[in-house]
């Protein structure tokens, strides 16, 4: 790339052009701006955004990756030359600035490579692949479990009450029990996608309030049945239909600990690599592929068979 840039920059480096440029403050100003300015500006801007909780880094992307990318952003050519042409009319200054751009390309490339190397070797930033293991594991004392508590195999679903795809998988827990009997249990965890579904978090809190009266899965089904009419009036109506103590239900809806519980589910989803809904985990491993009942059951067949083989091997 630097050779291509040099060939097309239109700067004749013969004679004293290069030596003159190397003593020009314009040349060094361009180098400093592209190499140091880009590195510091992008790295600091990213750090501030994270500290202000405006966003988060993707899994596997750490400070070294950010700094390396920031350094490589100093490799500028077309736009840099355009700016030079607009900023200067003196050919000597244009040549000095262009030489600065060419030198900065080389330095930024070397600096970026060095930072990425250190990030991989010293800081362990090797991959940005999403996690595939469920974190934390299922805890019957904390999780909503449908089916035998001590089943050999487990299916976990992260869902959103306004997600149309989640609505289509609402009965998958019963489908699993009908097919596998007491060999499989189904666990439901929240992952409200707020930027797309404004009522999802509140609906999750409603289901947790119902859970305090032992009606989580019944409310779970009703919320999906009323997915297009999620409102406070609907929540109260559903609670009445389920025979909940409405006074306790209202009090629980105001309990901030339920909001915190939903947030814990979200943190678990992110730590486990779930980025959309529905996301399924089969025996602790994230399922990749279609999420209809037939596909999930087929995927679980092998896991159930493996779980049943282990005791037989021990006996033999």
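Note that Cβ sites are derived from N, Cα and C of the backbone, with glycine treated the same way.
Per TrEMBL, transmembrane segment is recorded for 26-50, 62-88, 94-119. The feature domain 'Thioredoxin' is assigned by TrEMBL to 121-305.
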Quick test of the contact rule: Cβ under 8 Å, at least six residues beyond the ends. What residues does that give for the transmembrane segment (62-88)? 1, 5, 9, 30, 34-35, 37-43, 46-47, 94, 97-98, 101, 104-105, 107-109, 111-113, 115-116, 118-120, 122-123, 125, 128
Tell me, what is the mean pLDDT of the domain 'Thioredoxin' (121-305)? 94
